[in-house]
Ligand SMILES: NC(=O)C1=CN([C@@H]2O[C@H](COP(=O)(O)OP(=O)(O)OC[C@H]3O[C@@H](n4cnc5c(N)ncnc54)[C@H](OP(=O)(O)O)[C@@H]3O)[C@@H](O)[C@H]2O)C=CC1
Ligand SMILES: O=C(O)[C@@H]1CCC=N1
């Protein structure tokens, strides 16, 4: 059932970019929110026209208008948060206290609660597979959030994929793994396809094989609950082809490189929060 608030503005969005579109398109498709109960604030006129034509939502270039919604999805880049909050001048609009749901990398609940004083805040780290309803999102709760507001945030992110609730201390780690992870996985797909091309496969076939191998392996691990090491052992015949490939990956420092990638993203998320 689509949500509607008293003033008919159920969901406001500040920043109508990639992630906002991925999330809002799913919310409308799954009828979690009616398009006419959503208002998206976005500075670019062309982009506003796109939102209106593609999804039938309300659009504005006034972030303050969005603050009238029951829930506000904050989806701008972390680097411009301060200027956006300064322009909102919330001290002179204390009657506005929507639930703020922030997906900003690095920005802490403490900073958000100070920037949006008087508003309940939830911090979330989703990922880009939200675009196809297959996101992994982790939610961390602010200090003054009701059970109804927790449900609102959970409903939003359940509509775009899987959701876990974690203590805020884990959100930078989540960012390093699943938030940034789609880029690492895309590199893996590209590298697998390049390897296929190097040994003579046509590019289109190589890419299809690479994607389906990732999808199939992920599905097998998910549905069987098998440990990844057990799956690796099952594919590797003694003296066979796979162990030759695994040895090449180990020589190239593959596992260490992936672990370092998660750590580097985690550290960058911590830096963004300072
Ligand atoms: N991309 C990802 O995989 C993930 C991103 N995130 C987080 O999501 C947030 C958004 O990322 P993403 O969607 O990739 O970025 P985008 O750049 O695609 O989206 C940000 C949007 O905000 C708009 N914007 C710029 N200035 C303002 C303003 N003053 N008021 C309102 N809107 C403004 C931008 O418009 P314009 O283009 O005209 O500047 C753009 O449409 C970030 O904080 C990021 O950390 C979280 C998880 C995953
Ligand atoms: O790169 C970034 O900063 C954002 C946050 C997680 C994924 N993309």
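Using the three backbone atoms N, Cα and C, a Cβ is placed for every residue, glycine included.
What TrEMBL says about this one:
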DOMAIN    11-106  domain 'Pyrroline-5-carboxylate reductase catalytic N-terminal'
BINDING   14, 15, 16, 17, 18, 19, 75, 76, 77, 78  NADP(+) binding site
BINDING   63  NADPH binding site
DOMAIN    168-272  domain 'Pyrroline-5-carboxylate reductase dimerisation'
Q. Are there residues of the same chain, six or more positions away from residue 75 (NADP(+) binding site), whose CB falls under 8 angstroms from its CB, and which are they?
A. 13, 14, 15, 16, 17, 19, 20, 23, 103, 104
Q) Among the binding-site residues 14, 18, whose Cβ has the fewest other Cβ atoms within 10 Å? A) 18
(Q) I'd like to know which of the binding-site residues 16, 63, 77 has the most other Cβ atoms within 10 Å of its Cβ. (A) 16
Q | Counts of helix, strand and coil residues, the domain 'Pyrroline-5-carboxylate reductase dimerisation' (168-272), according to DSSP | A | 90 helix, 0 strand, 15 coil
Q.
Can you break down the domain 'Pyrroline-5-carboxylate reductase catalytic N-terminal' (11-106) into helix, strand and coil residue counts using DSSP?
A. 44 helix, 20 strand, 32 coil
Q. How many Å separate the Cα atoms of residue 77 (NADP(+) binding site) and residue 63 (NADPH binding site)?
A. 14
